[in-house]
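The structure under discussion appears below in the form of structure tokens.
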Amino acid sequence: MARLSGVERPDDSGLRERKARAVEEPVKQPVESADGAAAAAQAKKKTIGRTPDGTAFTVPHTRDMVSQLLSPSEPKNLSDILVLSIIGLHIVLLYLLPSFLRIPIFAVLFLSWRAAYNIGIGWLLHMQSNHSTMVLWARQTKIFVNPATGDNPHPQLYSFIKRELETKIPEDYSFEDAPIEYNTWLVFRRVVDLILMCDFTSYCLFAIACGSRPAEENFLVLILRWVVGLGLVLFNLWVKLDAHRVVKDFAWYWGDFFYLVDQELTFDGVFEMAPHPMYSVGYAGYYGISLMAASYKVLFISILAHAAQFAFLVLVENPHIEKTYNAPPPRKRTIESHAGLAGEEKSSRRPSDSSEMVPPPSPVALPSSTHNLVGVKNLDLHRITDSSIILIQVLFFALTMLTPSTPIYQFFFVLNAAIWRLWYSVGIGYILNCQSHRREWTRHFVKFGETKEEAWNQWKGTYHLSMTLCYASFIAAAWKMYTLPENWGYGLAILKHVLGAGLIALQIWTSVSIYDSLGEFGWFFGDFFFDEAPKLTYSGIYRFLNNPERVLGLAGVWGAALITSSRAMIFLALLSHTLGIAFIQLVERPHMQKLYGRGLRQDAGLVRSIKRSLPPSFKQLHGSVDRILDESIEFIEEVLDTARPKLAAGVTTFVKDTSELFHKYPARITITRIEPDLAGYDMNDYSINVDTSDCITIRDGAEDKSEVLVFEYGSPIKVNWTAPLNHSKRDWVGLYMIGQNPSREVTNVSSWGRWVATNHGSFDSVLSEKGLIASDVVVSKPGTSNTSKKPSVKSGSGKKSSTSTSSHEVASGQMVFSGDKLWWTQGVFEFRYHHNGKHNVMATSRPFEIRIPKFDDGQIPSHVSSNGNGFMTTAIEQALLPIVQNCFDRDPEISPQTAEEPFGCETEGDLKYAKRVVYAVHQMFGIEFATEVVRADGNVQNLAWRICNAKKVLAPYSMRKSNGASTPTGESEEMK
């Protein structure tokens, strides 16, 4: 049975998996009669949409793309005629082109439309999700503003769009009254219609151009090929229709990138069968068409298009879903007692999902997940498990490459793979079975005075090493048994390699999905070692399958057997699959039934969908087969219980992960845009000054002649600027490290998102206005002014050809740099004022320093280190709290107000707050922690306790000075 973990909740695993339920908020209408009551009841079924600013509106009913374009009963407008005309041109082109040009031309056409889909639409949606770019374009161009107001510079375009949209939506829609977000989405829909229809049309025409019948094909194979191909196409059609039935046009056209609807997330139909059905099984028709065309060209271009669609899903849709629907839960304002926390831990199967962990000195119910084992990113050569695996992999590789592929060596490699598979399934299964019944693994370590956490860590190492050796030996055997085809065009050589690679990719994806759903705890069968009142969840791949590893999790071994076409590899694949199923039935299933009882789900989503479509006679047959299997399994278990040998296995628990230096040296290759003519701008009117109200001013130099502005790490920095009244509305201010830009007149290094616009609505990104406080406030500037107009910039001032002592008016503004717009590292920085969206520097600020104060051990009484840690811990808490608050952007929703208050939650993929804290702790105390440690500690009090103990362990090395040049990230991460 599946190792399940966590608390059950909906799995929002696909953008187009959101079904709109009738909203309970009625549209207010007077009800004066029976007709009025019926109208009110109908109003309750209306879908209510909400824009990002909270505006509520009734979402009109719209028709799907195919019905709009092809149904004669649907009204047609100019955009429909345009789409149909372009489709018709594609068809005409197929018949006009000579035969030798059809395939390359339509291959280019299809790839162009596919790029417009995945890259073009993907970029638009990415920008809309993060910056509301399309809505900002609509606001800037004012295309939805009524021309009667005199503010619309495009009245003809307004009339055209209004006519186009109102023709398509006759009910519940008013172009003038609809929110700008909804109108923008409707225009975006028309662009999507054009791209999707041309994408599919060009693909079908390419398949027609490539279609042929192999010369050696007999009639039976021809019939079979077309029957299977048509079946896949019809299945694809059903998937698309059922998906549209569930999600409607709102999710089909990515509506929640523009607005949200008042609805619940529900899953039924095709969304119970497979994850992301629109992008997984929803592309089965591509392979059906490839089969009917009997063309490898169509197959390969189908695989390429399918891979591009998955990239679109991963890079565009999934991040938006996480941000929109899987926001972290609200933070608890007061920390709970240890007992309450322990109880909460007992009810959670995924300790890594909670940041409110028990303080380090207290015992925990479930193991800490601060130092995971699975994955390349968790590779730690200081651990003997990881170093042993690397050495063994090198040994396997050397033996495989250096030995000949003679029959005797092939035999030994296959035998080695079979032995490791037996150990991985039978040996590991025996250990887990003993652990389930008698806790033998844990008892062994307790006997020698170890804890069950130590037993758990040793078990993880044993299982991880066994799994790695099992698959390494299998790959080595496959390599020995494989021979390159002499003629790739003969027989099914290419097809076997393609299908085999697909099966291997399927197993890799399944394993990654299982790990994402279970976490480290479930992956290593944690409920065999910690069984305190667990709860089940069926998220991720487990929403569709109870035991994905039973079939999909072993697809790769059959892929290797298919590629090698070797009887020995078929034997290994059969052995692996048989032992894998036996492991599930004889080890996992009994333990899960004992632990969870009736809490186990009988049928997964895919099984439920299939059962609903079966006639009653088949359902009865299925029940009889299940009973026979259950009785057979019980008999086998009784036989095994009567004779079970005892095995003893133990593994002892060796160069630190390489630190990422990407952000230490930012990219210096950028495209610098220069404004060629700056005539008409008085350079003396440009200035930029740092607000010194929050800075720490210290004397610089022995003679104390100058002052250095010093800001605390992470504290917001206010900037005041002035510019001529005629300055460009697209001016902007960027934050840079001193020394990055050799020129004072031109900036040639990217700001990495650390910039703020001087005016609202000037750039296609809402983030550009984040931090903007005031702009274009007219003030009087006393003193001299430059009348020459000739630009010359040096440190914020220009050359003067003539002067005047009279004051004059200038524009001024204020902005604040905070959060992701700071550098989050120590160093000396400056602000630069740029002109008209380009990189001409009009003014620079005074340099200032970002500094993290070192914790002074000298302020701790000498007796503390020997008699106790209480005073030192308190001192560390007091020094650390304000820095941690800065690291959390001083946001009251996530930033702790006291040392005991827990940190706010952040998503698994975004650990920026924890990385900031890690960097600050490293610079303050000379101690480097992993981000997982910060998340596990959960508050300043626990973190201070850990720092205090680390200082004792590492003394006198804990205060080694760092150069402070690196950014506070353990992984490459671009600051937005």
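Just so you know, the numbers here start at 1 and follow the chain as drawn.
The backbone N, Cα and C atoms fix where each Cβ goes, and this holds for glycine too.
What you are looking at is a predicted structure, and each value in this text was computed from that prediction instead of being measured.
Taken from Swiss-Prot, the feature compositional bias 'Basic and acidic residues' applies to 1-27, 343-353. If you look up Swiss-Prot, you'll see 787-807 marked as compositional bias 'Low complexity'. Annotation source Swiss-Prot lists region 'Disordered' at 1-36, 326-366, 780-810. Look at Swiss-Prot and you will find 1-80, 126-190, 240-272, 317-388, 432-464, 509-567 tagged as topological domain 'Lumenal', backed by sequence analysis. What Swiss-Prot records for 212-218, 589-976 is topological domain 'Cytoplasmic'. According to Swiss-Prot, the feature transmembrane segment maps to 81-101, 105-125, 191-211, 219-239, 273-293, 296-316, 389-409, 411-431, 465-485, 488-508, 568-588.
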Practice item. Please work out which recorded stretch in 105-125, 465-485, 568-588 has the most C-beta pairs separated by under 8 angstroms from the transmembrane segment (296-316)? Key: 105-125
Check your understanding: What same-chain residues lie close to the transmembrane segment (81-101): Cβ under 8 Å, and 6 or more beyond its ends?
Key -> 69, 109, 193-194, 197-198, 201-202, 205, 208-209
**Study point:** Per-state residue totals over the topological domain 'Lumenal' (126-190) - DSSP helix, strand, coil
**Key:** 43 helix, 0 strand, 22 coil
Revision key, fill the gap. Within the same chain, the residues 6 or more beyond the ends of the topological domain 'Cytoplasmic' (212-218) and with Cβ under 8 Å of it are 225, 293-295
Exercise for review: Give me the stretch from 191-211, 465-485, 488-508, 568-588 with the greatest number of Cβ pairs under 8 Å to the transmembrane segment (411-431).
Suggested key: 465-485
Point to revise | Touch test for the transmembrane segment (568-588) and the transmembrane segment (465-485), at least 3 Cβ pairs under 8 Å | key: yes
Review point. Using DSSP, how many residues of the topological domain 'Lumenal' (240-272) fall into helix, strand and coil, respectively?
Key: 20 helix, 2 strand, 11 coil
Study note, to complete from the structure: Within the same chain, the residues 6 or more beyond the ends of the transmembrane segment (465-485) and with Cβ under 8 Å of it are 385, 388-389, 392-393, 396, 399-400, 405, 409-410, 413-414, 416-417, 419-421, 423-424, 427-428, 493, 557, 560, 563-564, 566, 568-569, 572, 576, 651
Exercise for review: Provide the three-state DSSP residue tally for the topological domain 'Cytoplasmic' (212-218): helix first, then strand, then coil.
Suggested key: 0 helix, 0 strand, 7 coil
Practice item. For the topological domain 'Lumenal' (432-464), provide the mean pLDDT of the predicted model. Key: 87
